[in-house]
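Features reported for this protein in Swiss-Prot:
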ACT_SITE  E138  active site, proton donor/acceptor
BINDING   R110, S111, S112, L113, A114, R115, D128, V136, L137, E138, Y171, K178, Q182  dCTP binding site
Amino acid sequence: MRLSDTDIEEWLSKKKLVIQPYPKKQLINGITVDIHLGNKFRFFYDHTTSCIDLSGSKEKIALDLNKIVSCETIFSKKEPFFLKPGALALFSTLENITLPNNLVGWLDGRSSLARLGLMVHVTSHRIDPGWHGNIVLEFFNAGKLTLVLTPGIKIAALSFELLSKPVLRPYNSRNESKYKRQNGVVPSRIYEE
């Protein structure tokens, strides 16, 4: 069962679901909460390695990833980021999300931005029960024009689905969870698998 706007407001007021900063009422509509672009990002360098062999050693994968992904960069509040056509970049949400063990979150891009060619997540739109932290967005510009992105703009929407029972192994309690308590823009940790 997906939570309605009334349910979301109730879960937030009872602190069963935590979103910081606390969303204004006008951001909670239908079955979603609008979320915003944070000011932290990482971009991908062009032509620093020819490929990443995902079947290679963990050490080689980590080395290759470090060659292609920038360090985390922090923008000032109104400083723009230019996402060129065909470019991939990682951003964090402004909001920090905490989900209880009986709720799964779903991230969806905004239709108005998709119509300009902006994909805000490349396939990873599930937020596991027990999650705590920022959400990293994988931006891809599939359009023909450079998109100018500024921290604080509405960038995506979250919806929430109630599970039949709380999960036994929530995300932040599992030792192998690569992104638990994520703060900022954490790049791929596929080499930890």
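Here, residue 1 is simply the first one shown, and the rest follow in order.
Positions of Cβ are set from backbone N, Cα and C atoms, glycine also.
Overlay of Swiss-Prot feature records on the structure.
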residue	record	CB count, 10 Å
R110	dCTP binding site	17
S112	dCTP binding site	9
A114	dCTP binding site	14
D128	dCTP binding site	19
L137	dCTP binding site	25
E138	active site, proton donor/acceptor	16
DSSP-derived class (H/G/I helix, E/B strand, else coil) of R110 (dCTP binding site): coil
How far is it from R110 (dCTP binding site) to the residue listed as 'active site, proton donor/acceptor', counting Cα to Cα, in Å? 14
Using C-alpha positions only, work out which of the binding-site residues S112, A114, D128 is nearest to E138 (active site, proton donor/acceptor). A114
Secondary structure at D128 (dCTP binding site), reduced by DSSP to three states: coil
Per DSSP (helix/strand/coil reduction), the residue listed as 'active site, proton donor/acceptor' sits in strand
